[in-house]
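Engineer: Before we start, here is the structure in question, set down as structure tokens.
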Amino acid sequence: MTTNRKFAIAILAAGKGTRLKSKHPKVLHEIAGKPLLDHVVAAAAKVVPPSQIFAIIGHEADRVREAMQASGIQFVEQKEQRGTGHAILQTRDALKDFDDVLVLSGDVPLIRTDTVERLFAFHREHAAAMTILTTEPPDPFGYGRVFRKHAGQSDEVDRIVEQKQLTPEQARNREINSGIYAFRVQPLFANLDKLTTDNPHGEYYLTDMAAILGGASEKVVAIRADDSHEVLGVNTRQDLASLDAHLRLQKCQQLMSAGVSIFKPETCMIDSDVEVGPDTIIEPFVQLLGNTKIGADCHIKSYTVISNSTIGDGVLLRHGCIVDSSKVAARALLGPYCHLRPASDIGEEAHIGNFVETKKTRVGKGSKANHLTYLGDTEIGTGVNIGAGTITCNYDGVNKFGTIIGDNVFVGSDTTLVAPIELGKGSYIGAGSCITENVPDDALAIGRGRQVVKEGWATKKRAEQKKKK
């Protein structure tokens, strides 16, 4: 944001979240794959650099600091949780060189960057000491109502009346205080010590600054948010589920607007940071999680779960695939019901089929493992066929060992490859073999007992059994 005034953002993130009934800090509970606080920081960081964002932390402060360290934001600790006004008081030294501060809530995760920008622009335009972000939700019960001057026809705020103090006439006003504000730093801290704890909870409420600043002849104004969902906070598990569903559906709508087909989007779980290319089809009950990136022209069938993985263009994922922290190149075919564990790297046009599990395995272009196979710590070349029931034995109880399979190798069904081992290019492995030694290029390896046929044996056996009866 371009402005001549130096502008900071403070995020209230010290609360315990008692109604969540959790041992975890409130702001670290997740929706759409990220902590609540992470969503707020993401919106704020598009307005000011992280060095100008101050998270006020308290309950489980060390855990919150550790979880958000990579964001580059600053932290201010509120050692005693004595209310929102007391929280802002802790930032006095941190904000001494700033002209304005915008106060966000770490448990209000749907706030949008453009709303933050609108709020500050409105605040600056009106030269206000305090600007309140308001909204008109379908059901305003429980929220403090904002009353404007001149019978509601003014930007200036007359007063805020809490739910318990509302008269029946006042209760008809649906404009609520969102708890998100912009302040001029100088009048804020000049008057902050006027806050009292004269309320049922014995806390210092930042909301009371509207009356205090107004009484000091400072200008207090309000601006409405476009969407009431933006300012909804999380207090209960029900709130968490509701906002998660809203954010995920919003994500689906964004993807569909960008050319992605999503059938029954309300059944899909797509995290905030997921990217999907155009003309990809996503069937019901698909989960795309974490930092997943899906290419164009893919088809992802129902009950597939992809997390922190990269999928190339034109990949078909049949029903029930699980892909975790892996890469899949263009035009590969997966499933149904395959499991790619971390560090799997599936090449172009490769096939990983029914009940095949891979881990730390690279599969070359056009290679196929279509049925009932485990491939762990394995390097597979191009044009390889892995028969049904093949197992790489990569673990001796202490250490893991690798298997190398060269280009154009044919591995027969029900084969056991005991690592460390290497199969040379173009070699053949007979079905049912247990291979314990390296196989040269273009060789045939058979590691099984020789078949013995005894003609007439079954007839004699049945005759003997009959005599014993």
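Even glycines carry a Cβ here, placed using N, Cα and C.
Reproduced below are the annotations present in Swiss-Prot:
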ACT_SITE  HIS371  active site, proton acceptor
BINDING   12-15, LYS26, GLN78, 83-84, 105-107, GLY144, GLU162, ASN177, ASN235, ARG341, LYS359, TYR374, ASN385  UDP-N-acetyl-alpha-D-glucosamine binding site
BINDING   ASP107, ASN235  Mg(2+) binding site
BINDING   ALA388, ASN394, TYR395, SER413, ALA431, ARG448  acetyl-CoA binding site
REGION    1-237  region 'Pyrophosphorylase'
REGION    238-258  region 'Linker'
REGION    259-469  region 'N-acetyltransferase'
Engineer: Grab the pLDDT values for the region 'Pyrophosphorylase' (1-237) and give me their mean, rounded.
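Structural biologist: Average per-residue pLDDT within the region 'Pyrophosphorylase' (1-237): 94.
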Engineer: If the acetyl-CoA binders are ALA388, ASN394, TYR395, SER413, ALA431, ARG448 per the record, what's the largest distance between their Cα atoms, in Å?
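Structural biologist: Of all Cα pairs among the recorded acetyl-CoA binders, the widest measures 22 Å.
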Engineer: If you count the other Cβ atoms within 10 Å of each Cβ, which of the binding-site residues GLY15, GLY83, GLY106 comes out on top?
Structural biologist: GLY106
Engineer: Using DSSP, would you call ASN385 (UDP-N-acetyl-alpha-D-glucosamine binding site) helix, strand or coil?
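Structural biologist: ASN385 (UDP-N-acetyl-alpha-D-glucosamine binding site) sits in a strand per DSSP.
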Engineer: Among all protein chains shown, how many Cβ atoms are found within 10 Å of the Cβ of ARG448 (acetyl-CoA binding site), not counting that one?
Structural biologist: 15
Engineer: With a Cβ cut-off under 8 Å, give me the same-chain residues at least six positions beyond the ends of the region 'Linker' (238-258) that come close to it.
Structural biologist: 20, 29, 31-32, 39, 109-110, 229, 232, 265-266, 268-272, 274, 276, 278
Engineer: DSSP on TYR395 (acetyl-CoA binding site), three-state: which is it?
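Structural biologist: The three-state answer is strand.
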Engineer: If one measures from the C-alpha of TYR395 (acetyl-CoA binding site) to the C-alpha of ARG341 (UDP-N-acetyl-alpha-D-glucosamine binding site), what distance in angstrom results, rounded to a whole number?
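Structural biologist: So the Cα of ARG341 (UDP-N-acetyl-alpha-D-glucosamine binding site) lies 16 Å away from that of TYR395 (acetyl-CoA binding site).
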Engineer: Nearest by CA distance to GLY15 (UDP-N-acetyl-alpha-D-glucosamine binding site): which of the binding-site residues is it, out of ASN235, ASN394, SER413, ALA431, ARG448?
Structural biologist: ASN235
Engineer: Among HIS371, ALA388, SER413, ALA431, these being the recorded positions, pick the one whose CA is nearest to that of LEU12 (UDP-N-acetyl-alpha-D-glucosamine binding site).
Structural biologist: HIS371
Engineer: Taking every protein chain in this structure into account, which of the binding-site residues LEU12, ALA388, ALA431 has the most other Cβ atoms within 10 Å of its Cβ?
Structural biologist: LEU12
